[in-house]
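Okay, structure first, notes after.
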Amino acid sequence: MEQYEKVEKIGEGTYGVVYKARDRVTNETIALKKIRLEQEDEGVPSTAIREISLLKEMQHRNIVRLQDVVHSEKRLYLVFEYLDLDLKKHMDSSPEFVKDPRQVKMFLYQILCGIAYCHSHRVLHRDLKPQNLLIDRRTNSLKLADFGLARAFGIPVRTFTHEVVTLWYRAPEILLGSRHYSTPVDVWSVGCIFAEMVNRRPLFPGDSEIDELFKIFRILGTPNEETWPGVTALPDFKSTFPKWPPKDLATVVPNLDAAGLNLLSSMLCLDPSKRITARIAVEHEYFKDIKFVP
């Protein structure tokens, strides 16, 4: 750890404290994440070390780069490139950005490119939200943070500072107790973030798992065996759920054009097997008027 000098604490993430720090060798500013492990006495699980080592191989312009992993005294420190702005802060501080449909489109495109890359390497995020989408102010490019950490460390119900981990972007199959979820969970989260960028407020701001599910069902309709084969067999599905009809998404996200609504509805498909993939989403006609120059 001698190589890194902590400058200041910049936040508290899902897994532990995040510091702004300086690399004494290169003089570069970096973000240092201290991972707090549940079983402090047992040190760092070897599975976590293996998972994290794989993430160092991930290199893409829309992924926050994991530069180093430091394992010292039963603690794990992850060294990331430093970016001080996230999408939540950006939406809160400059609402005018959201009035620009091109900016929303550019951000969404970059999120999907980053996700498609991760999914092609069989890495899931599982906890995507505006707070872990980081923005480089100089280039306006967007990068995904914390990819792969859920698999290495699990997702706690509360953070180490007892904040509740948000449910607003969590896919219905996870909320219904499915143990066999996969890449579609991330596409769902991106759909929620897309709608939030356009509407300037969260789409499904539930405060408990059942409230979250019902907020989803009120808009997209309560699923049944016709619309989502197998749904009634999921562990937390109840036949007593109220049966809401689906709403027209155009009334829910009124500022989105037809192509955008088509893309959004294919991302917010309740049945994960029918949800669009990130790889196919980047080719959608909604993006036809942007030529992204790397």
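Including glycine, each Cβ sits where the backbone N, Cα and C put it.
Here Swiss-Prot flags 4-287 as domain 'Protein kinase', drawing on sequence analysis. Residues or ranges marked as ATP binding site by Swiss-Prot: Ile10, Gly11, Glu12, Gly13, Thr14, Tyr15, Gly16, Val17, Val18, Lys33. Taken from Swiss-Prot, the feature phosphothreonine covers Thr14, Thr161. Feature annotation from Swiss-Prot assigns phosphotyrosine to Tyr15; the stated evidence is similarity to another entry. As annotated by Swiss-Prot, active site, proton acceptor applies to Asp127, with the evidence given as sequence analysis.
Feature annotations (Swiss-Prot) mapped to structure.
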{"residue": "Ile10", "record": "ATP binding site", "DSSP class": "strand"}
{"residue": "Tyr15", "record": "phosphotyrosine", "DSSP class": "coil"}
{"residue": "Asp127", "record": "active site, proton acceptor", "DSSP class": "coil"}
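Considering only the recorded positions Ile10, Glu12, Thr14, Tyr15, Val18, the residue whose Cα is spatially closest to the Cα of the residue listed as 'active site, proton acceptor' is Thr14. Residues Ile10, Gly11, Glu12, Gly13, Thr14, Tyr15, Gly16, Val17, Val18, Lys33 make up the record's ATP site, and a Cβ search at 8 Å around their centroid adds Lys34 from the same chain. Taking the Cβ of Val18 (ATP binding site) as centre and 10 Å as the limit, one finds 18 other Cβ atoms among all the protein chains shown.
Summarised as a single figure, the pLDDT of the domain 'Protein kinase' (4-287) averages 91.
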